[in-house]
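Here's the structure, in C-alpha cells; my notes come after.
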Amino acid sequence: MHYIDVIIPIPLQKLFTYSITASEFDFIKPGMRVAVPFGKSKIYTGIVYRVHNDAPTAYDAKDIQQILDETPVVNQKQLKLWDWISSYYLCTLGDVMRASLPNAFILESETMVSKNMSKTIDESILKDDEFLVFEALSHQSSLKVQDISNILNKKNVLPVIKRLIEKEAIIVEEEVYEKYKPKLVRYVKMHSFYSTEKELHQLLNDLSRAPKQRDVVMTLFSISAKTKKPIKVSDLSAESGASSSIIKSLIDKEILEEYYIQIDRVQYSGEENEDSKALNNHQEQALAEIQTTFKDHQVTLLHGVTSSGKTEVYVKLIEDVLKLGKQVLYLLPEIALTTQLVTRLQNYFGDQVAVFHSKYSAHERVEVWNQVLLNSAKAKVVLGARSSIFLPFDNLGLIIVDEEHEQSFKQFDPAPRYHARDTAVVSAHIHQAKVLLGSATPSLESYFNAQQNKYGFVELMHRFNDVLMPEVELVDIKEKQKKKRMKGHFSDSLIAEMTQTLADGHQIILFQNRRGFSPIVECSTCGNSPQCPNCDVSLTYHQYRDQLRCHYCGYSIVMLRKCDACGSPELDNKGFGTEQIEAEVKLLFPENKVGRMDLDTTRGKYGYEKIITALEQQEIEILVGTQMLTKGLDFRNVKLVGIMNADNMLNFPDFRAHERSFQLMLQVSGRAGRTEERGKVLIQTYNPYHNILQQVSTNNYSAMYKEQMDERYNFKYPPIYKQIKLTLKHKDYNRVEIAADWYAKSLRQVFKDNILGPEFPPVARIRNQYHKNILVKIPKKQSLAKTKEAIIKINNSFFNIKDFRSVRVILNVDNY
Ligand code: ADP
Ligand code: ZN
Ligand code: ZN
C-alpha cells in the first residue's frame, strides 16, 4: 500500500495521511498539490510532504481526490524552511502553508460550476459523463466539485470539468481551479492571404478609396520593418492615429488578423541597462570587507549611515552573485518598496528584477512565484517585502535585508509570527547562501550578534560625497510654553527655520508619530472622553471625515456635538495627530503647498507613490507624516526636518521604546540634506536632556547601544534573554483572569522567576476580547527546544480543561 502525508492549510498540529494508488505513487512528489477530503464533506488543497508505505495506525487513510499539479509548486528547500518556521515559531505547517502560497493556489472545496447560458450546446457532442453533469446543471443553477464527484460516483472529476469547459458547456465560477489567469494582449498582423507582393499591391489599390484604412496598413508595414516584433493593437492605433473601430473593420474584412499573446503582468518596460556606479573609496573598502567577512561568516551586518551609498554596494554584490547564475532576494520593509528603488535596480538589472509585495494582485503574485520556481531569467533579483521570504527559490546565492532594524519584518498576526530577517538567515543556511543585513541604525539584536562575532561586521560611516550629517537642534517646548512662544504645536524656532527654508526654495518634512486629528476628545466640563464600545481605548478624532474612530477595530461614529455624559458642548482636543499638524501648517503658511502622508492618505495601490511623486516634483513644499516617512526615501531638496514631539515615542510602554525612538529620529533626520548643502533637524521635546535625544543629536549609535544593552542586561530582555509572549483572549473578563492565572502558575513551576505576569496590556480589551499577557524569559544557556517542549505540554494540558477550551492562546516567539 502507498501513502502520502499531506499539509492542510488549517491550524492543526499534524500531517494527515492519505492512501494513493500505485500509479499515483509513481507520479506524486513532495511539494505537489493534491485535493483531499477532510472531515465529513470538506475538500482541501494540501501539499504533499512525504510519500511512503507506512499505513497510519490510528485511523484508516482515505483516498485522495485528485492530483492538482504535474510538477511540485513547492520545493524541498522550502519544505525544510517550513519545518523550521513551524517548530521555531510554534505554529503548524498548515499556518506556514497558508502564509506561503499565493491564495490563487489554494483550491477550496466550495468551488462552483454552472451552465454556460451564453451558448446553446448540441448535446450530441457530450460524452456520457459530461452529459450527466450538464443535465444536472439544468435542474440546479450550480454545483460544487464535490457534488459532481457524487453524481459521477468517482473522485477525479477534474478532467470531465475541463472537457465541459473546453466545449463551452459550463463555466467555472470565477476564482475556481486556478484563480490565476495569465494576462492576454491583443496583437495584429497582415492576414496570410497578403503574403505576396502582388496581393499586397492589389490590396493597397483597393484601399485607395478608404484612406484611413490604407494608412493603418502602411503604418503596420513601417512598424514591422523597424521592430520585427509582434505589433500590439494599441501600438498600431497610437502610431497610425486610427481608432480601434477602423482596426476592427480591417480585421472583419480579413485584411488584418488578430491574435493574442500571454504576457507577464509584472514586467519591466525600461530601455537599455546602465552600468552600475563606480564606488568611492569608502564604498570600495566596505565592499572588500564584506567579501572578506563572507569567507568565514554566513551573515554580515553593514552599519552604514544614511546616504552613505549602501544601495550601490548591494548592487556590486548582486552583480557577482548573478554572474554565478544564482538568485538574489532583496528584502525591504513593505513601505520602503518604492518605485524609486525599483527603477534604480531595473536600470542596472533590467527585467531580471521581479517585485513582490502585498499590494500586488493575486495574478501578479502567481507570476512571480512561477518565475522564481522555474529559476527564470525574469526573477533573478527578487525585490520584496516580508512574505517574499516564502518564494520557491531553488538556487539562492544572496539575501540582502535592507533596513534590517525595521520591526515590520516581524509578522504580528496571524501565525506564523515569523521574523523575516531571522527567517532569511535560516533560509540562507539551507541554500548555502550569504546574508547581508544593512542599516544606518542596526537593531540591538544584530549589532549584538556582530559584537559576538556571530555575524561579520562592516561599517560605512561617510555620507556619499561627504555631505555632512544634518545639524540637530533640540527645542525645549516646556520653556517655550512658559515664555509664550508656541503657536499651537509650533515653537518660534521651528516657525523661523521653516520660513527660512521655504524662502530658500527648499522643502520641509514634519514628523508626527500619530495619525488622525487629535487622538482624544475630552469634555472640558466633566472630563469624559468618548470610548470605543469594543475596545478599551478612547476614540480618535479625524477632521477630514468629521468622525471619531477606533484605531484598533475600525469602529467609527460621527463627531459628537456635545458631551455624551453631561451634554456640555465644550469638547476639547487633547494630544495631536498628523491631521491637526497639517491644519496648523496651513494656517501658519497659507501660501505654501502642504501634503500629508499617513495610513489614511496612502490607501490603494498607488496612494503612497502619488505622495512621493508629488514631493519629488516639488508639488508639495511641506510634508506632514508618520513613520512612513522614515523609510529609505531619497529627496534631494528636503533641507529641514521637524520632529513635532519626541516624548510620545520615548514614553511608549515597551522595553524597545528607547531603541526605536533613536532609530526613528535618526532615520527621519536622514531625509534632510542628502546633497551638498547641509540639512537641519529640529526636535521639539519637553525633556531635552533625555539621553536618547542627546545620542540622536550627536549621532552616537554606540552610546545608545551601550546604554540600552545595560538595561537589557539588568532587566533580562532580548538580546540577552530570548522571550516568548503568550496572550490569552476571551470575551469574558473572569475567564481570562482564571485561565491566565492557571497558565502562569503552571509555567512558574517549570521556569520559576523567568515568568512575568499575567498582566493586562495597556489596551486590555480589543474587539470585545479581553487580553492578558504572560512573558517567558529564556536565558541563553537554557535549551530553546526544551523550553518550547515544556510550553507545548502545558498548553496541551490547558486545553484539556473544559472551561478553558474557548480561550484563545497566542504564542509569539521573539515578540516585537
Ligand atoms: P543609503 O542607502 O546608504 O542611504 P544610497 O545608496 O541611497 O544611500 O545613496 C545615496 C545617494 O548617493 C544616492 O542618490 C546614490 O545614487 C548616490 N550614490 C551613492 N554611491 C554612489 C556612487 N558610487 N556614485 C555615484 N552616486 C552614488
Ligand atoms: Zn461632559
Ligand atoms: Zn475599537
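Each residue, glycine too, has its Cβ placed from N, Cα and C.
No curator has checked TrEMBL annotations; they are predicted automatically.
Copied from TrEMBL, the annotated features are:
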| type | residues | note |
| --- | --- | --- |
| DOMAIN | 291-460 | domain 'Helicase ATP-binding' |
| BINDING | Cys523, Cys526, Cys563, Cys566 | Zn(2+) 1 binding site |
| BINDING | Cys532, Cys535, Cys550, Cys553 | Zn(2+) 2 binding site |
| DOMAIN | 536-712 | domain 'Helicase C-terminal' |
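Mapped onto this structure are the features recorded in TrEMBL.
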| residue | record | Cβ neighbours (10 Å) |
| --- | --- | --- |
| Cys523 | Zn(2+) 1 binding site | 21 |
| Cys526 | Zn(2+) 1 binding site | 14 |
| Cys532 | Zn(2+) 2 binding site | 25 |
| Cys535 | Zn(2+) 2 binding site | 20 |
| Cys550 | Zn(2+) 2 binding site | 20 |
| Cys553 | Zn(2+) 2 binding site | 17 |
| Cys563 | Zn(2+) 1 binding site | 21 |
| Cys566 | Zn(2+) 1 binding site | 12 |
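Each residue contributes its Cα atom, and for Cys523 (Zn(2+) 1 binding site) and Cys550 (Zn(2+) 2 binding site) these two points are 18 Å apart. Taking Cys532, Cys535, Cys550, Cys553 as the binding-site residues under consideration, the smallest Cα distance to Cys566 (Zn(2+) 1 binding site) is found for Cys532. Checking the binding-site residues Cys526, Cys532, Cys550, Cys553, Cys563 against ligand 2 with a 6 Å cutoff on the Cβ atom leaves Cys526, Cys563, in sequence order. If you average pLDDT over the domain 'Helicase ATP-binding' (291-460) in this model, you get 92.
Ligand 3 lies within reach of Cys550 from the binding-site residues Cys523, Cys526, Cys550, Cys566, judged by a C-beta closer than 6 angstroms to any of its atoms. In this structure the alpha carbons, written CA, of Cys526 (Zn(2+) 1 binding site) and Cys550 (Zn(2+) 2 binding site) are 22 Å apart. Cα separation, Cys532 (Zn(2+) 2 binding site) to Cys563 (Zn(2+) 1 binding site), rounded: 15 Å. On a Cα basis, Cys553 (Zn(2+) 2 binding site) lies 23 Å away from Cys563 (Zn(2+) 1 binding site). Sitting within 8 Å of the Cβ centre of Cys523, Cys526, Cys563, Cys566, and not among those site residues for Zn(2+) 1, are the Cβ atoms of Ser524, Thr525, Gly527, Asn528, Asp564, Ala565, Gly567, Ser568.
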